[in-house]
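*Asks:* The topological domain 'Cytoplasmic' feature in Swiss-Prot is assigned to 1-8; the stated evidence is sequence analysis. If you look up Swiss-Prot, you'll see 9-29 marked as transmembrane segment. Among the features that Swiss-Prot reports, topological domain 'Periplasmic' is placed at 30-161, with the record citing sequence analysis. The heme binding site annotation in Swiss-Prot covers His124, Tyr128.
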Amino acid sequence: MNPVRKKRLYIVLAILCGVSIAVALALTALQENINLFYTPSQIANGEAPEGTRIRAGGLVEEGSVKRSPDTLEVDFVVTDGAHGVTIRYHGILPDLFREGQGIVALGRVNEDGVLVADEVLAKHDENYMPPEVMQALEKSGMMQKHNEAKAAKGYQQESAQ
């Protein structure tokens, strides 16, 4: 092999190694930042991986919010109509958080099947529903019940005025 071809071969190999390393680093960074969405039914069925950061969403079940009197810890149940999953959160909940509202929680499922959340996101207005939560609720038939309850609540408020 003549020296010019040998030099080109080394350059091509160096470029391939550099691109391979860059792709490997990018994939590793992306893999650590991916938060897959799971419904309460999927979590209850054991489909969500334990110890991996995930997103879970649904409606906060009425009467399920339990606050610790001496800490900021809050336990509540999120449901998609078919199953509910307990979410434990330590911190200040968003102002728009309330029972019957849609939320998305980011955290890890522990060995007891409880989602230990490090972030809770509430709907930013009463008409918005995160797309993943809406699909999960539509699939379980809970979305229609939620809309009927909202319509009845609006009717009650109008008749009270």
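Using N, Cα and C of the backbone, Cβ positions are placed for all residues, glycine too.
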*Asks:* On the DSSP side of things, how many residues of the topological domain 'Cytoplasmic' (1-8) fall into helix, strand and coil, could you say?
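*Replies:* In the topological domain 'Cytoplasmic' (1-8), the DSSP-based counts are 6 helix, 0 strand, 2 coil.
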*Asks:* Mind looking up the mean pLDDT for the topological domain 'Periplasmic' (30-161) in the predicted model?
*Replies:* 80
